[in-house]
Amino acid sequence: MAPRLVLASQSPRRRELLAQLGLALEIRPADTDERVLPGEPPRDYVLRVAREKARAVPGDLVLAADTAVVLGGEVLGKPRDADDARRMLRALSGTRHEVLTAVCVRRNASALGVELDAVVATEVAFARLGDAEIDWYVGTGEPLDKAGAYAIQGSGGAFVEEVRGSVSNVVGLPLAETAALLRRAGFPLPWERP
């Protein structure tokens, strides 16, 4: 019997994406410090946070992830408030930016355990936004708990002109890469089980 998969996240988006793969989950959010360290490159940042989340939660098979929007080398995390969301959306307006997600799978099936990870990058082209669009969008409340202050799977998708790479990565979890990591960790996916 396959071990129960523990998701070290409170993200409803990650839960929904994993449900698309037919995976039953136990949700145990990790309590970790998600601040960017001084001088920390964006790839190193998301990988460090995903690993810390996976290590902070007990379980035989733990999956954790961290997503960041990166513009000009700056990590845009979740906005502190509505004004910060407006600032981020103005900065993203009319630009191409990168969405990075690090996924970490930790398995404690042996004395040594196994930790596998991957970082996936997706390029997103954003429409030019005026103040009226930004104010309306911030007023919906949707951007306030999203990295980079937008949700491609929600109303914010209206501002996305082009995506190069994994769309599920922009939502918060690259499904193809996550499935590959689970397989490598010895976790059979629903269609691989007898």
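All positions are counted from 1 along the displayed chain.
Just so it is clear, glycine is given a Cβ too, placed from its N, Cα and C backbone atoms.
The annotation active site, proton acceptor is assigned in Swiss-Prot to Asp66. The Cβ neighbour count for Asp66 (active site, proton acceptor), using a 10 Å radius over every protein chain in view, is 27.
According to its DSSP assignment, Arg13 (site 'Important for substrate specificity') is helical. What Swiss-Prot lists as site 'Important for substrate specificity' is Arg13 (among others).
The annotation site 'Important for substrate specificity' is assigned in Swiss-Prot to Thr67 (among others) on the grounds of sequence analysis. Of all Cβ atoms in the shown protein chains, 28 besides its own fall within 10 Å of the Cβ of Thr67 (site 'Important for substrate specificity').
The site 'Important for substrate specificity' annotation in Swiss-Prot covers Gln153 (among others). Take the CB of Gln153 (site 'Important for substrate specificity') and look out to 10 A: across all protein chains shown you find 17 other CB atoms. Gln153 (site 'Important for substrate specificity') carries neither a helix nor a strand DSSP state and counts as coil.
When Cα-Cα distances from Gln153 (site 'Important for substrate specificity') are compared across the recorded positions Arg13, Asp66, Thr67, the shortest belongs to Arg13. If you take the C-beta of Arg13 (site 'Important for substrate specificity') and look for same-chain residues 6 or more apart in sequence within under 8 angstroms, you find Ala151, Gln153, Val171, Gly172, Leu173. In the three-state DSSP reading, Asp66 (active site, proton acceptor) counts as strand.
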